[in-house]
Amino acid sequence: MEKVKKKIGSFSFWNWVTASIIFRLILIYFPKNLNLSSRPEVSTPLTSFRRLAEGYWLKQSFMSPYAGSMYHGSPLLLSLLGPLTINRIEGQPNHLLYSLVSVIADVVSAMLIRATGQNLRLAYLRSLESLDLVKQIEVSGDIAALIYLCNPFTIVACVGLSTSPIENMAVILCLYGACSRLIPLAAFGWVIATHLSLYPAILIIPVIFLLGCGPDSPPRKLFLQRHQQKEVLNQSKLPPRFSWGPVIHFAFWAFLWSVYVLVLCGISLKQFGGLWEMFKSTYGFILTVEDLSPNIGVLWYFFAEVFEFFRNFFLIVFHVNILFMILPLAIRLRHRPCYLAFVYVAICSMLKSYPSVGDSALYLGLLGWFVNELADMQFSLFLFCGYVGVSLLSPVMHNLWIWRGTGNANFYFATAMVYACLQIVLVVEGVSAMLNHDRKLRNLITGKPQDAKS
């Protein structure tokens with residue numbers, strides 16, 4: 001019976017995957033792709049297809065791709081995807097090849113999410129068996145993969161010719177490699193993700209926990225409490241202690257990949273200022289928030305209004321704010337590195353300089369890994385309705401401000417503020433629900449009432 005259910009579930013999963021691919025292709029063949037590539041929610045100065053095409057044109061004209069302050073992405077991305085901005089197939093939509101690359105990136109990301117979710121499920125089942133707890137676990141890998149593939153944010157980022165699918169694939173590749181103990185692959189994903197958008201650098205902490213301790217599991221003290229009750233300490237059933245061997249191995253491969261990437265970038269920009277020009281135009285551009293064009297974040301409006309004298313101070317405040325959250329969350333969620341990675345990605349999506357819906361698509365997909373642990377999360381309906389409302393109102397407010405002239409910047413910024421608040425609620429409630437789940441497991445082991453808070 002279980003085999004039949006698995007076959008039916010697998011068949012249904014591949015049906016949904018096929019339907020999502022077909023839906024993307026239908027949208028790609030729409031006239032001008034619904035003009036999504038010009039939407040500020042989809043394209044940012046870092047992920048814009050038009051800026052990528054401009055940078056490639058400058059490079060083909062023997063000028064620096066960073067001249068004119070248009071392109072601020074990776075020179076490697078320019079070399080790989082740049083030719084697709086000018087190659088066209090007669091009788092087919094413009095930029096069809098580039099769109100197909102985005103579709104492939106989405107599908108690969110979904111498959112990696114699925115495989116990682118299956119690894120997490122097996123690790124979680126083993127943990128529950130060690131605690132003598134039996135629980136039916138949903139196939140979170142399939143759910144997470146479908147959430148990512150069928151998410152409107154993912155579809156819009158793909159059809160809107162954004163580079164977000166490539167960046168998301170690098171992040172997911174890093175987590176998949178770490179969860180599967182494929183250390184060179186994890187190091188490659190982390191280096192590429194950091195190279196493309198800087199913020200994934202903080203994922204080094206959950207990756208270290210994954211390599212040193214293994215995938216997510218209940219806290220180690222729960223296993224000790226359980227075996228103390230039995231008065232028998234079975235070392236084989238305890239989660240492994242932290243091991244520095246895989247971490248050192250990861251550091252070696254990360255260094256190797258970093259050198260390789262920097263050498264390729266140096267060769268690509270040898271005639272245009274070298275690596276310093278790249279660092280100044282990519283990471284420097286991210287950290288200084290030079291471009292104040294509207295997006296779904298809050299920094300553009302804030303720095304448009306702040307006095308120039310205080311600009312550097314608030315730049316430090318906003319960027320250090322991300323760093324301040326790293327250590328407390330790492331201490332509290334060290335036994336759940338994949339969930340810690342989800343929290344870090346969500347926080348970066350909320351506070352980064354140039355956010356887009358592609359960032360939200362990533363952390364919402366990772367959230368699907370934990371459908372079992374977060375089953376009792378509060379405000380789920382409120383968050384769902386909030387995301388839908390912001391998705392509908394944001395284009396309306398932008399239209400009223402830019403095209404109709406009947407509104408102003410506050411109209412659009414209001415939706416950005418609501419969007420940021422929704423992400424805050426999601427992170428806070430998500431972390432609270434995960435800690436409550438661990439507390440329930442402890443209460444089951446110690447025999448305390450289920451509603452106990454300590």
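Cβ atoms are placed via backbone N, Cα and C, with glycine included.
Annotation source TrEMBL lists transmembrane segment at 12-30 (among others).
According to TrEMBL, the transmembrane segment annotation covers 66-84 (among others). Panel annotation: around the transmembrane segment (66-84), residues 45-47, 51-56, 58-59, 95, 97-98, 101, 163, 166, 195-196, 261, 264-265, 268-269, 272-273, 277-278, 280-282, 285-286, 290-291 of the same chain, lying at least six beyond its termini, place a Cβ under 8 Å from a Cβ of the stretch.
Counting residues 6+ beyond its ends, the transmembrane segment (96-115) has Cβ neighbours under 8 Å at 17, 21, 24-25, 28, 33, 49, 81, 84-85, 87-89, 141-142, 144-146, 148-149, 154, 157-159, 161-162, 165-166, 168-169, 172-173, 175-176, 180, 365-366, 368-369 in the same chain. Sequence annotations record features per position, and here TrEMBL assigns transmembrane segment to 96-115 (among others).
Marked as transmembrane segment by TrEMBL: 182-211 (among others). Sequence-distant contacts of the transmembrane segment (182-211) (same chain, six or more residues past either end, CB-CB distance under 8 Å): 46, 73-74, 76-77, 163, 166-167, 170-176, 243, 246-247, 249-250, 253-254, 256-258, 261, 282-283, 286-287, 322-323, 326, 330, 334, 337-338, 340-341, 344-345, 348, 352.
Residues 64, 74-76, 78-79, 178, 183-184, 186-188, 190-192, 195, 207-208, 211-212, 275, 277-278 of the same chain lie 6 or more positions beyond the ends of the transmembrane segment (247-269) yet place their CB under 8 Å from a CB of it. Per TrEMBL, transmembrane segment is recorded for 247-269 (among others).
According to TrEMBL, the transmembrane segment annotation covers 281-303 (among others).
Annotation source TrEMBL lists transmembrane segment at 309-331 (among others).
Annotation comment: TrEMBL describes 338-357 (among others) as transmembrane segment.
Among the features that TrEMBL reports, transmembrane segment is placed at 377-397 (among others).
Among residues of the same chain six or more beyond the transmembrane segment (409-428), those with a C-beta under 8 A of the stretch's C-beta atoms are 294-298, 301, 304, 343, 346-347, 349-350, 360, 379, 382-383, 386-387, 389-390, 393-394, 397-398, 400-401. The transmembrane segment annotation in TrEMBL covers 409-428 (among others).
Contact between the transmembrane segment (281-303) and the transmembrane segment (12-30) is not supported, since fewer than 3 Cβ pairs fall under 8 Å when only residues 6 or more apart in sequence are counted. Same-chain residues lying 6 or more positions outside the transmembrane segment (309-331) and placing a CB less than 8 Å from one of its CB atoms are 199, 202, 205-206, 209, 287-289, 299, 302-303, 340, 343-344, 347-348, 351, 431.
Counting only same-chain residues 6+ beyond the ends of the transmembrane segment (12-30), those with a CB under 8 A from a CB of the stretch are 93, 96, 99, 103, 106-107, 110, 142, 145-146, 149-150, 155, 158-159.
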